[in-house]
Amino acid sequence: MDDIRNIVILTGAGISAESGLATFRGPDGLWEGHRVEDVCTPEALARDAALVHRFYDERRAKLADVRPNAAHEALAALDAQWPGELLIVTQNVDDLHERAGAKRLIHMHGELRSALCAGCGKAKRWTEALPPGSVCDGCGRALLRPDIVFFGEMPYEMDAIDDALRRADLFVSVGTSGAVYPAAGFVQTARHVGARTLELNLEPSAGSFYFEESRMGAASVLVPELVRELLG
Ligand code: APR
């Protein structure tokens with residue numbers, strides 16, 4: 001690992017599982033009890049805003065009951081000490097990476113603790129329940145919605161993510177099933193530019209085949225181990 005300068009780390013729901021936040025496709029997956037089409041699409045918001053707002057209000061409220069685990073803390077330590085470029089791209093909408101201290105972080109699927117104006121596009125910090133029909137205080141006319149990238153919408157900061165991937169010497173994927181694009185395709189970009197590719201996951205993911213190395217196990221064990229390797 002000594003020829004590594006620029007690192008991109010993709011995280012998914014698996015990194016927050018040991019903090020007590022449900023993953024999406026596990027046996028107790030979040031989507032069970034809710035069909036994706038009913039809570040995470042623009043059509044769902046138009047059809048039943050109360051259900052969608054309630055779904056995200058429940059998940060936002062849960063953040064008060066959980067805290068970062070050793071994997072989040074190890075990545076924050078790497079962020080603080082790594083001399084080269086480092087970018088943590090999370091698919092998660094929880095705030096555990098930032099609460100652990102991560103700074104070089106992109107939430108590509110949005111954040112629970114943010115509300116988005118469907119009119120002017122302004123996002124604002126939001127920590128309480130977000131009642132349907134809340135009006136944006138920026139433009140004063142359009143409605144606020146959960147700042148979550150729904151299926152069929154463009155994830156955030158894709159240019160910055162692509163730039164970082166094209167400069168990477170190491171791409172690490174942590175706790176993701178590799179089921180959802182564009183995140184599931186990041187390993188291809190990394191391979192294309194000759195970066196080392198490493199997957200840390202509880203079980204083989206849909207993309208394991210594309211990784212040069214896959215380590216199976218809990219993120220709270222594998223991530224601190226990797227950070228110790230990288231920081232020497
Ligand atoms: N340590 C490491 N990996 C774990 C752990 C753990 N403790 N617990 C679960 N995992 C793994 C599972 O084996 C699974 O492969 O984490 C992965 C979680 O997969 P998903 O539930 O599909 O979550 P994710 O990959 O983040 O989903 C991607 O899909 O529904 C959309 O927008 C949503 O961001 C989400 C995206």
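Just so it is clear, glycine is given a Cβ too, placed from its N, Cα and C backbone atoms.
Automatic, uncurated: that is what TrEMBL annotation is.
Copied over from TrEMBL, here are the features:
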{"type": "ACT_SITE", "residues": "HIS109", "note": "active site, proton acceptor"}
{"type": "BINDING", "residues": "12-31, 91-94, 175-177, 201-203, ALA219", "note": "NAD(+) binding site"}
{"type": "BINDING", "residues": "TYR56, ARG59", "note": "substrate binding site"}
{"type": "BINDING", "residues": "CYS117, CYS120, CYS136, CYS139", "note": "Zn(2+) binding site"}
{"type": "DOMAIN", "residues": "1-232", "note": "domain 'Deacetylase sirtuin-type'"}
Proximal residue to SER16 (NAD(+) binding site) among recorded positions HIS109, CYS120, CYS139 (C-alpha distance): HIS109
Three-state secondary structure, ARG59 (substrate binding site) (per DSSP): helix
LEU202 (NAD(+) binding site) and CYS139 (Zn(2+) binding site), Cα-Cα, nearest whole angstrom: 45
Listed binding-site residues adjacent to ligand 1, that is, members of GLY12, TYR56, CYS120, GLY175 whose C-beta is under 6 A away: GLY12, GLY175
Candidate nearest ARG59 (substrate binding site) in space, where candidates are the binding-site residues GLY20, GLN91, CYS120, CYS136, LEU202 and distance is Cα-Cα: GLY20
Other same-chain residues whose Cβ falls within 8 Å of the Cβ centroid of CYS117, CYS120, CYS136, CYS139, the recorded Zn(2+) site, in sequence order: ALA118, GLY119, GLY121, LYS122, ASP137, GLY138, GLY140, ARG141, ALA142, LEU144
